[in-house]
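Participant: According to TrEMBL:
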type     : residues  : note
TRANSMEM : 43-62     : transmembrane segment
TRANSMEM : 82-106    : transmembrane segment
TRANSMEM : 118-138   : transmembrane segment
TRANSMEM : 178-196   : transmembrane segment
TRANSMEM : 237-260   : transmembrane segment
DOMAIN   : 278-414   : domain 'RCK N-terminal'
DOMAIN   : 697-837   : domain 'RCK N-terminal'
REGION   : 956-1016  : region 'Disordered'
COMPBIAS : 989-1009  : compositional bias 'Basic residues'
REGION   : 1090-1114 : region 'Disordered'
COMPBIAS : 1097-1106 : compositional bias 'Polar residues'
Amino acid sequence: FIDFDSVDLGWLQVEFYMNENTFKERLKLFFIKNQRSSLRIRLFNFSLKLLSCLLYIIRVLLENPSQGNEWSHIFWVNRSLPLWGLQVSVALISLFETILLGYLSYKGNIWEQILRIPFILEIINAVPFIISIFWPSLRNLFVPVFLNCWLAKHALENMINDLHRAIQRTQSAMFNQVLILISTLLCLIFTCICGIQHLERIGKKLNLFDSLYFCIVTFSTVGFGDVTPETWSSKLFVVAMICVALVVLPIQFEQLAYLWMERQKSGGNYSRHRAQTEKHVVLCVSSLKIDLLMDFLNEFYAHPRLQDYYVVILCPTEMDVQVRRVLQIPMWSQRVIYLQGSALKDQDLLRAKMDDAEACFILSSRCEVDRTSSDHQTILRAWAVKDFAPNCPLYVQILKPENKFHIKFADHVVCEEEFKYAMLALNCICPATSTLITLLVHTSRGQEGQQSPEQWQKMYGRCSGNEVYHIVLEESTFFAEYEGKSFTYASFHAHKKFGVCLIGVRREDNKNILLNPGPRYIMNATDICFYINITKEENSAFKNQDQQRNSNVPRSFYHGPSRLPVHSIIASMGTVAIDLQDTSCRSASGPTLSLPVEGSKELRRPSIAPVLEVADTSSIQTCDLLSDQSEDETAPDEEISSNLDYAKGYPPYSPYIGSSPTFCHLLQEKVPFCCLRLDKSCQHNYYEDAKAYGFKNKLIIVAAETAGNGLYNFIVPLRAYYRPKKELNPIVLLLDNPPDMHFLDAICWFPMVYYMVGSIDNLDDLLRCGVTFAANMVVVDKESTMSAEEDYMADAKTIVNVQTLFRLFSSLSIITELTHPANMRFMQFRAKDCYSLALSKLEKKERERGSNLAFMFRLPFAAGRVFSISMLDTLLYQSFVKDYMISITRLLLGLDTIPGSGFLCSMKITEDDLWIRTYARLYQKLCSSTGDVPIGIYRTESQKLTTSESQISISVEDWEDTKDSKEQGHHRSNHRNSTSSDQSDHPLLRRKSMQWARRLSRKGPKHSGKTAEKITQQRLNLYRRSERQELAELVKNRMKHLGLSTVGYDEMNDHQSTLSYILINPSPDTRLELNDVVYLIRPDPLAYLPNSEPSRKNSICNATNQDSREETQL
């Protein structure tokens, strides 16, 4: 035990000093440590050295060249007294400063201070002048004062370092190295000039100019020889200087080259002066690929007002070889700046001048195996940019929808999985929706395919130039006259008169865009109109029709009482000429759009009612989609007795935060999780395959790797409230991995939604899930294959699997998602298809012409059977100019539902609809009856060239036998009667088939007797068994093995002899053809209900609805 009170600890007082208290430390603080005072001292020292060199030059110029060649002229010079006094003063100050700095920087080793080259040069240049003060006879002694240039170089380097420390500038390595190189070269030249001039005092008596001339000629390795040193001393000096130059200068150049290479890798910085005088945007990516770069640059610079913008790329990885090669092209090298750095570092954001940027694009790396990790990196980048530059507009791309709410502060957000699954779902309802959206969000002049000899490629390419534009109604020539009139009236007459398609509006005091708000919406002068056209109105030139008549331009290919207008849309680099129609009043009672009376018929076909300026309730054919009374009344007894009693309401559970609530078909009670498994029986049902369920509609199968939350956006559009119950298709999710409970909670409220664990690699899994009677098979790109050693090989597994499906189930409509758009040419690949080879050549020509949509003529893309989500990257880029594009696209895809806004749907032209004849009359028919606004046509035609040699029969007898059956099957097909033709009508196909058969028969070996006949018969049987039949037998055998019925499996029915394409906003005089699918924007049915809150017949209980609304608002 120790008593601390009785122990004297001897307490000591310790004093702490914030600053050094000694005189030496204060001097060191002033001369060395303090950046600003040290900078002043070094600037003064630098000025002294330059002054000493200047005094040396003045002494040489004032000196008269002495006669004779005595060596005394080397050691003694003529120096005036005032000049000597100045040089002595400079020497005293320089020596004192050198000794003082040496004393302050002394660290215990005096020889280290004395043997330093700057100290030795200082002693050589200063001590002789100080000695001459006490020994006057030495005043004319030669002192090599010109060596002070090296001390000036040393002082300059120290001064620049102090300057960078004072202004906190760290990116100065390149500047320092260039400065050192230039100063070293100047010091060498100046030393050589002064040394040669002084040593030649006993030789040729060279002046300073002759010495400068000699040095420049010598160091440049030219060597004219007109000026040469004579004395051995000057020759020796020249040799020494050349040796020094050969040693010093290569080292300096090597360091400069190294720094230059490092600077090229890191990209340097974007200067503050340029940032304040020029406009630039910043592109932040984790890894930059050539495809992503070219898509961004082509789309960004497609807009005329962005030509003066600069693009600063901020990427943490080193520049790729292909990217470096592209950025060296003059078109891009002057406008694109690559900086290697991270968006999480303020220094790199400062280099990119993020706070002065017009916008920042942050893109996720979709080629990562862990897409969630990629999203996390994107979120951190967005947070870092928002923290550094809060006023910079953010355009963010996110991959998974559950991570979207972390970046809700961004100005524009595109969630890849949301858009992907919504487009895939709408592709099953409205064919080729993915192609329609892709063409709308790409910038094009509509010149693609105009050099092609085929008419469909010209029409398809011209209509692909249509984009969405906006204009204020009172400032518009298109829409100003429709103020105070209904929306459908304005849309129809603007299309009839100008060929533009008005699709939506936005009130001045409202941020929400309304797509086709319906005939009850009255146009205001301040409304912002959104329309589809080949170019925007500001770039349009209008020509009156009277001038057109004087110029004898053909008016129309159709002549009749209806006087269909001529819409000559001539697209150029940015200007379009639109012919104005005569707007004189016509008789309302006259049949302006009725068909002419045919000579053989006395009855007139029905005419189309005019579109009213103001909506009339009786003229709008609306249906109460909430109650489905028409369906219930006309449904057969067996359907009423079935247990398909659905409700309409909002889904009570959303798998992620931020999903827009959508009014859907729902079940009265959620399905037990065991019943969601398609291939497993449970206590509630005993079905183990899709066929056993007895679905009345064909299936929609989705093949995915995992049940991500994005799949929720696939189910919602297919169960939306505006879809009739009798048209709902069962949905089967074919998943490689079992879904989690969180996802099952979200889908158990939707009717006819099932899942099955399996893979498209396994034929048995495909047959169990009902692929033989499916309407659509959607194949989603697998995340595990997106990262490959060779980038474009990421789609290899998906492409081969889809090709297998294509060969096994040729009648199946397969919709595929790929990672790289360039791989679309491998979809449904046929090596010997002449037509595909012709399209490949067309694609190459369009790419050479600079088209951004060179792949658009590939048949799978044009038909909407394949798309790549990377093609939607342009949607984010376009939002910089058109900030409404993301909102319009989300409304079209059904991702957002705004009260009063319409939705995208489609209708098919049947034989009963062909009396309408033209697209303009269809536009009027829809606007006057249902209020729908058509925006395009999906057309299917017969392919006029042979598709594949494998499909040609090798036997003349087989061809003749199957000819009649093909003809009969063709007349029962759904192809249009006007353009479709049988393969038997193709003389090329028939001729090649018969020539092939004769050639094979001639090549056969000759045998005699029964053995030869037997071998010939076996060979003919093998020949008659085509590859298609072998595949069909394989499928049927597997179905029998699994206990599945083969009824309904049609192995010969395919669509390989047809091609499909989209016509966006075609001209009004476009002829309608059989089986055309017309894209419509239909008004919101809820907007016609009298009450603000719709009566929800057979809806879920109020408590469930309340909970669902609370969850969806999170």
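Glycine is treated like the rest: Cβ placed from N, Cα and C.
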Participant: Take the transmembrane segment (178-196) and find every residue of the same chain, 6 or more past its ends, with a Cβ under 8 Å from one of its Cβ atoms.
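Facilitator: Residues 53, 56, 60, 144, 146-147, 149-150, 152-153, 156-157, 160, 206, 208, 211-212, 214-216, 218-219, 229, 234, 237-238, 241, 244-245, 248-249, 252-253, 256 contact the transmembrane segment (178-196) from elsewhere in the chain.
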Participant: Please average pLDDT over the domain 'RCK N-terminal' (278-414) for the predicted structure.
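Facilitator: Computed over the domain 'RCK N-terminal' (278-414), the mean pLDDT is 89 on the 0 to 100 scale.
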Participant: According to DSSP, how is the domain 'RCK N-terminal' (697-837) divided among helix, strand and coil residues?
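Facilitator: Secondary-structure breakdown of the domain 'RCK N-terminal' (697-837): 60 helix, 29 strand, 52 coil.
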Participant: How many helix, strand and coil residues does the domain 'RCK N-terminal' (278-414) contain under DSSP?
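Facilitator: Taking the domain 'RCK N-terminal' (278-414) as a whole: 59 helix, 28 strand, 50 coil.
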